[in-house]
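What TrEMBL records for this protein:
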- H225, D263, L264, D291, G292, N323: S-adenosyl-L-methionine binding site (BINDING)
- 136-412: domain 'SAM-dependent methyltransferase TRM5/TYW2-type' (DOMAIN)
Amino acid sequence: MDCALLKPPEEVRGMLELNREAFRKHIKLPRLRVPERDSNKVLPLLKKLLLKMEKLRPVRPLSEMEGDIQSTMREILLHPLAVKSWDCLPTAELEKHNIESGNFYYADLELNYDNWRADEIFKSVLPIEDEGLTSYSRIGHIVHLNLRDHILPYKDLIGQVLLDKVPGCRTVVNKAATIDNTYRNFQMELICGEQQYQVETIENGILFEFDFSRVYWNPRLSTEHERITKMLNSNDVLYDVFAGVGPFSVPAAHKKCWVLANDLNPESYKWLQHNGKRKKCLAHMKTFNKDGRAFLLEDVKPDLLKRWKEDNTKNYQIHITMNLPAMAVEFLDVFRGFLNADEAKDFLNQTLNYPTVHVYSFAKGEDTKTRVRELVEENLGLPLGENLEGIHFVRNVAPKKDMYRVSFRLTKDILLTTAKATSQQIQLKRAASVLLEEDLNIANKVKC
C-alpha cells in the first residue's frame with residue numbers, strides 16, 4: 001500500500017551526503033491492544049492489516065498494571081491506510097474474543113532510517129523528474145551499479161545506503177566505461193566499502209571464484225547459462241570459444257560432457273582452470289588461452305575431424321558456444337570453408353554429426369530479431385535456411401538494444417564453401433525460409 005505517511009520525510013529530497021538522522025519522523029499510528037493469551041487467535045484475523053516495515057515488529061509486548069497485578073498485553077501495529085477506525089477491523093470476529101472498540105487506539109510512533117528499504121530511500125532522495133536507480137547486480141560481496149549521468153552526484157550516498165541495506169555487501173562499484181573489447185572486463189570505480197574484488201558466487205548450483213575487476217561476469221545471464229547446460233547430456237561435446245571463467249564449460253564438464261574451453265584473457269583462463277579444478281571436472285575439460293579464431297582453427301577443427309573419423313555415430317551432440325555478443329558474429333566467417341578438400345575427402349559420402357553453433361549478438365533498432373539474423377548471415381557470408389534452429393531473446397540491454405542467441409547447425413555447404421554469398425542471394429534465401437516457416441505454422445494450425 002502506497003501511503004505518504006509511511007514514506008521518508010520530504011526534507012531528505014536532494015540529499016547528497018547520507019545523514020541518517022534526517023530520516024527520523026513521528027506519525028500517529030492505529031493500534032490494537034490484545035491480551036497475550038488471545039494473540040494467536042486474533043493475529044490471523046488481522047494478517048492483511050498489519051504494518052510491515054523494515055526492522056519493525058508489528059506485534060510487540062506491552063505490560064500494564066491491572067490493580068496490583070501486572071497483565072501482559074500485546075500491541076498490534078496496524079497499517080494507517082487500511083485501518084482508519086475500529087469499524088475497518090473485523091469487529092464481529094474480534095468481539096468473539098472479547099476484543100472491543102476500547103482496545104483500539106492511536107499512538108505516536110517514531111520511524112527512522114532503519115525502517116526503509118534501499119529502494120525506498122532512493123525514491124525519497126533522488127530527483128522526482130528523472131529516472132531513478134532501477135536495478136543493480138550482485139556478485140558475491142560486490143554490488144555493481146551502472147549509474148546514469150544525472151545520478152552520479154548521488155553516488156556516495158547510494159553506495160553507503162547499499163552497504164547498509166544489502167546483506168553481505170562489503171563493496172559497491174560503478175561501471176566507469178564500456179567493456180574492454182580485448183578482455184571483456186569492466187572498468188569500474190570503487191564507490192564505497194572495501195577494495196576487494198575477488199569474489200565467490202553460486203550460479204545454478206555451482207560455485208565460481210574470480211577477480212571481478214579483471215574478468216567478465218554478468219549474473220543476468222544465469223538463466224541463459226542454464227538453458228544451454230540443460231541441452232547437454234553426458235558424452236556430448238562442447239566447444240566454448242569465449243569461455244570466460246566457465247559458466248558454460250564447468251557445468252558441462254561436471255555433467256561429463258567433453259569440453260574444450262578457451263578465453264583470450266589470461267585472468268579469465270586462470271579462473272577457468274581454477275573453477276574446473278575446484279569442481280573436480282578437469283578430466284572432461286581442456287582449457288586454452290588464445291584468440292577465438294585461432295582456437296577454432298587450431299584446436300576445434302582437429303578435435304572435430306578426429307571425432308568424425310573415430311566415431312561418427314549420432315549418439316552424442318556437438319555444440320559450439322560463442323558468447324561475446326559485442327563481436328562474436330565477426331568470427332563466423334571461420335566456418336565458411338572450414339574444411340579444405342583434403343580434410344573433407346574422407347567424409348564426402350558420409351552423413352556427419354554436424355555441430356550446432358550458438359552465437360550471441362546485440363542488435364539495435366525497431367525489429368531487433370530480424371536484425372540479429374541479418375548480422376549472423378552477413379558475417380557468416382551464407383544464408384541460413386532449414387539449418388536455423390532458432391533465434392532466442394536473451395535480455396534487453398538498453399532502449400532498442402537487445403541480446404539474442406542464434407542457434408544454427410553447420411552444414412556441408414558451409415564447411416566446404418569458400419565463396420561469400422551476395423546480399424541478394426542471402427535476402428532471397430531468407431525470404432524463402434520465412435515463407436516456409438509461415439507454411440509450416442499454417443499446416444500446424446490446420447492439424448490442431
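Even glycines carry a Cβ here, placed using N, Cα and C.
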Worksheet item: Record lists H225, D263, L264, D291, G292, N323 as binding S-adenosyl-L-methionine; longest Cα-Cα distance in Å?
Response: 22
Worksheet item: Can you tell which of the binding-site residues (D263, D291) has the fewest other C-beta atoms within 10 angstroms of its C-beta?
Response: D291
Practice prompt. Determine the Cβ neighbour count for H225 (S-adenosyl-L-methionine binding site): the number of other Cβ atoms within 10 Å of its Cβ.
Written response: 21
Item to complete: Ten-angstrom check, please: count other Cβ atoms within 10 Å of the Cβ of L264 (S-adenosyl-L-methionine binding site), all chains counted.
Response: 20
Worksheet item: Within 10 Å of the Cβ of G292 (S-adenosyl-L-methionine binding site), how many other Cβ atoms can be counted across all chains shown?
Response: 22
Worksheet item: Looking only at the domain 'SAM-dependent methyltransferase TRM5/TYW2-type' (136-412), what is the mean pLDDT?
Response: 93
